[in-house]
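Down below is the structure, laid out as structure tokens.
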Amino acid sequence: MDHDIDRRPSIKGQDEDRLAELGYKQELTRNWSLLHNFGVSFSIISIITGITTLFEYGLSTGGPGVMSVGWIVVCFFTFFVALGMAEIVSAIPTSGGPYFWAAILAPDDKSAFYSWITGWFNLLGQVAVTTGITFGCAELISTTATVGTNYTATAGKTIGIYAALLVSHALTNSFGVSILRYLNNTSILLHSVGVTCFAIAILSKAPIHQSAKAVFATFYDGTGETPSPGWSVRASPAYVAVCGILMAQYTITGFDASAHLSEETNNAAWNAPLGVLMSVGVSAVFGFFLLISLLFCIQDFATTVDSSVGQPVTQILIDIFGNKGAIALMTLIIVCVWHAGLFSMTSNSRMMFGFARDRGLPPFFTKVDARFQAPIRTICLAAFLAFLLAIPSLGSSVAFSAATSIATIGLYLSYGLPILIGLIYPSNFKKGPFNLRAASRPIATVACLYIGFITIVFCLPELNPVNSQTLNYTPVAVGIVALWAFGSWFLWARRWFTGPIRQIEAERMGIPVVEDPAAFDRYERDGKADSNVSIKAPL
């Protein structure tokens, strides 16, 4: 017992020393354990969110065969990405995550450029994944409200519900920081014990079960809008299959949250990388169990695909439990998805806080509220941008799947760029305690190639024919961010963005970057610290 008591301050001190080596002071409260760190990523991955909200997409884009086998393939390759990320976060445990890693791993003359580009793709992915999760929750609420009632779900009503959910997440993140850990524990239980009980319940209660052949070998193409054929006819079944893996790939996103919370995690050099790997591995196992449980319990495939309630998972529950039972279980799902959206905004706001602290965003967003110890301004920014990204849903039938594609591409590009930079410039990669050793470069190569593959695939059209209602606007959104990131860099950002600011070194020179972020700009312009600020002694 005495040994444990003596050891805790030592570990906390090591965390703060390592953060100081990277140039930052400890500002956020560091009281998260490995379980808490894992729990946030596990909650954001939220297998029940991705599977439930994109189940209809999966059934119509490849069917059960692509959904089940695709899940295994996607999780296999995603683990390569997770391993590459874990090795990096062990070496560089800061809240900035990917954009900070890119800056540290790149040569000095390219550091700022790679950091800028990675930061903007990560910001896009963070905002889009918050949109995907919370908008999916709004759609589930709308759908559940139609069961056994005269309620009619419309795009306008769904947007209204979505806005209310974003507000609830923003308020909880802003003023309820002290209870986030407890909500995190609740979320872990819901996504593990709750999902397991849910799957067992439908398996035990279902009147009939599909055969293994129906679950693992049935291909279905519903990508064509009558009278047009699907893409398996216009292109090939392989085209439909690769598009169909979006359900699995979107589900296994957001595990960089373990990195963004590393400044709040004890023993971060070990617990943050373990949080990344555990969240992916546990989600892969629980997700597969949940997915095949739903597929085996489909009572009538045609009725489920063309469900009158507009949600195949809801239809499966109605067929098995009736209206009241379906509403009860859908409520469990909605609570799980709400928690996922909550912690997605937590991760999102921490990334924006780190990026603003390093001048990637305006200095207005660097403030941490003294009373609540939360970056309230970036929390509000995260909610606002997530709302904007969902507005196209008012006039597009593929808006939700497009948002999930944007989230997947944005996040995985930001995951892949630091891994690629570490692969190209290995001399800059000073490994942490989690070290893949000889396997590091082969794993990084596979991870980068796979990310390149899914980036292309998820920009492809999903429905045939392609028109204003079915256009996959993923390339447009990703293209706008890419144009902004590259264009702004070459036009003006390269003149002042130098990559992550070493906060402690700046303050030693009398530059109060926390109290006055603009002081660093004045220092670079004038070549000296403000005259009214005394030079601080080395820490």
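Backbone N, Cα and C atoms are what each Cβ position is placed from, and that goes for glycine too.
For the transmembrane segment (38-57), the list of distant contacts is 129, 132-133, 136-137, 139-140, 184-185, 187-188, 191-192, 195, 198, 244, 246-248, 250-258, 261, 274-276, 278-280, 282-283, 286-287, 290-291, 294, 305, 307, 310-313, 333, 336-337, 339-340, 342-344, 346-347, 400-401, 404, 462: same-chain residues at least six beyond its ends, Cβ to Cβ under 8 Å. Feature annotation from TrEMBL assigns transmembrane segment to 38-57 (among others).
The transmembrane segment annotation in TrEMBL covers 69-93 (among others).
Only residues 6 or more beyond the boundaries of the transmembrane segment (113-138), in the same chain, are considered here, and those with a CB under 8 A from a CB of the stretch are 44, 46, 49, 52-54, 96-103, 105-106, 158-159, 161-162, 165-166, 169, 250, 253-254, 256, 334, 337-338, 340-341, 344-345, 347-348, 351-352, 355, 358, 360, 382, 385-386, 389-390, 393, 400, 403-404, 406-414, 417-418, 421, 477-478, 481-482, 484-486, 489, 493-494, 497, 499-500. The transmembrane segment annotation in TrEMBL covers 113-138 (among others).
The feature transmembrane segment is assigned by TrEMBL to 159-180 (among others).
Positions annotated as transmembrane segment by TrEMBL: 186-203 (among others).
Marked as transmembrane segment by TrEMBL: 274-296 (among others).
The transmembrane segment feature in TrEMBL is assigned to 316-343 (among others).
What TrEMBL records for 379-400 (among others) is transmembrane segment.
Annotation source TrEMBL lists transmembrane segment at 406-426 (among others). Remote same-chain partners of the transmembrane segment (406-426), defined as residues 6 or more beyond its termini with a Cβ less than 8 Å from a stretch Cβ, comprise 81, 84-85, 88, 97-99, 101-102, 105-107, 114, 117-119, 121-129, 131-132, 246, 249-250, 253-254, 256, 389, 441, 444-445, 447-448, 451-452, 454-455, 458-459, 474, 477-478, 481.
Residues or ranges marked as transmembrane segment in TrEMBL: 438-458 (among others).
The list of residues near the transmembrane segment (470-492) in space but at least 6 beyond its ends in sequence, with Cβ under 8 angstroms from a Cβ of it, reads 113, 116-117, 120-121, 124, 128, 225, 389, 392, 396-399, 401-402, 405-406, 409-410, 458-464. Residues or ranges marked as transmembrane segment by TrEMBL: 470-492 (among others).
In this chain, the transmembrane segment (379-400) lies out of contact with the transmembrane segment (186-203); the count of Cβ pairs under 8 Å, excluding pairs fewer than 6 apart in sequence, is fewer than 3. For the transmembrane segment (379-400), the list of distant contacts is 53, 126-128, 130-132, 134-136, 139, 155-156, 158-159, 162-163, 166-167, 169-170, 173-174, 345, 348-349, 352, 361, 365, 406, 462-463, 468-473, 477: same-chain residues at least six beyond its ends, Cβ to Cβ under 8 Å.
The stretches the transmembrane segment (316-343) and the transmembrane segment (69-93) do not meet in space: the count of Cβ pairs below 8 angstroms, excluding pairs fewer than 6 apart in sequence, stays at fewer than three.
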